[in-house]
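Report on one structure; see the data block that follows.
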Amino acid sequence: MKVAIVEYGVGNLNSVYRAVKHLGHEPVVTDDPSELHDADAVILPGVGNFRAAAEKLEETGLCDEIRELLGSVPLLGICLGMQLLMESSEESPESRGLGVFRGTCVALPNDVKTPHMGWNTVEFRTEEFREFDGEMFYFVHSYRVAPEDDVVLGETEYGERFPSVIGDRGRLIYGMQFHPEKSGPVGLKLLGEVLTGASR
């Protein structure tokens with residue numbers, strides 16, 4: 001199974017690459033829109049700034065290519081990659097996300113330390129991922145998604161309850177605010193479920 005890891009000037013590509021390879025798949029890091037056509041799944045990773053990432057996706061033509069692939073192969077957004085699935089972000093109001101889901105990204109509450117960094121639990125709402133309910137995953141973020149659509153699959157508590165997993169199984173699209181590739185065996189298992197389970 002060929003998994004395209006989208007390169008758009010953000011961090012954590014190596015850890016995602018290693019995780020995909022560990023799962024027995026063929027990872028390909030690319031910023032070439034045409035290469036996404038040959039992939040069996042696409043991962044939009046990321047740690048960084050919403051504006052810089054959105055601009056790079058637009059400049060390279062990756063935005064249009066990713067939108068064209070929606071529903072044909074599994075798409076997973078991780079951390080900033082999940083936030084880019086939304087229409088916009090308070091971090092950079094003038095920048096446009098992919099608009100896969102309606103809604104925006106907002107800052108975490110002022111009364112908690114940011115970034116939210118470290119291990120935290122996820123309460124899953126869906127039977128699809130029930131075996132992972134209450135498990136610990138690794139987070140690093142200062143913003144969180146605020147979707148208008150009914151796409152929340154899991155929530156986490158950090159000053160408030162926020163969506164930590166979103167998705168639309170019918171369109172093969174998922175987003176995770178945490179880093180499954182840095183979350184030990186449980187995270188790797190969840191990553192594998194999304195990459196292969198969504199394509200079944």
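Glycine is no exception: its Cβ is also placed from the backbone N, Cα and C atoms.
For 2-200, the entry in Swiss-Prot reads domain 'Glutamine amidotransferase type-1'.
The feature active site, nucleophile is assigned by Swiss-Prot to Cys79. In this structure, Cys79 (active site, nucleophile) belongs to neither helix nor strand by DSSP; it is coil. The number of other CB atoms found within 10 A of the CB of Cys79 (active site, nucleophile), across every protein chain shown, is 28.
If you look up Swiss-Prot, you'll see His179 (among others) marked as active site. Here the Cβ of His179 (active site) has 22 other Cβ atoms within 10 Å, regardless of which shown protein chain they belong to.
As annotated by Swiss-Prot, active site applies to Glu181 (among others). Same-chain residues at least 6 positions away in sequence with a Cβ under 8 Å from that of Glu181 (active site) are, in sequence order, Asn12, Ser15, Val16, Arg18, Ala19, Ile78, Gly187, Leu188, Leu191.
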Remark   = His179 (active site) falls, by DSSP collapsed to helix, strand or coil, into strand
